[in-house]
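Written below as structure tokens is the structure these notes are about.
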Amino acid sequence: MASNKVSFIFILFLCVLSTAEFGEAQNPRGRKCEDPNGVDQKAKCYIYCNEQGFLGGSCQGYTNHYMCECYVG
């Protein structure tokens, strides 16, 4: 019975990790950006994310709400 509980908790833990986009760094306090296509022509997101300790970033979002999204790799 105890092994069933351990298995259930382990599976639940894996489900939480998979929905949290494990391996992709998220920066909830991002910077607003102007390039709606993720191009980041002025490299504002790239520079901002490097200053935050990430390897890079791009401009993501929807109409009138584009933010820099930083990532690890």
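We count from 1, first residue shown onward.
Every residue, even glycine, has its Cβ placed from backbone N, Cα and C.
For 1-25, the entry in Swiss-Prot reads signal peptide, with the evidence type sequence analysis.
Per Swiss-Prot, disulfide bond is recorded for CYS33-CYS59 (among others). According to DSSP, CYS59 (disulfide bond) sits within a strand segment.
Under the three-state DSSP scheme, CYS45 (disulfide bond) falls in the helix class. Residues or ranges marked as disulfide bond in Swiss-Prot (evidence: similarity to another entry): CYS45-CYS68 (among others).
For CYS49-CYS70 (among others), the entry in Swiss-Prot reads disulfide bond, with the evidence type similarity to another entry.
In the three-state DSSP assignment, the secondary structure recorded for CYS68 (disulfide bond) is strand.
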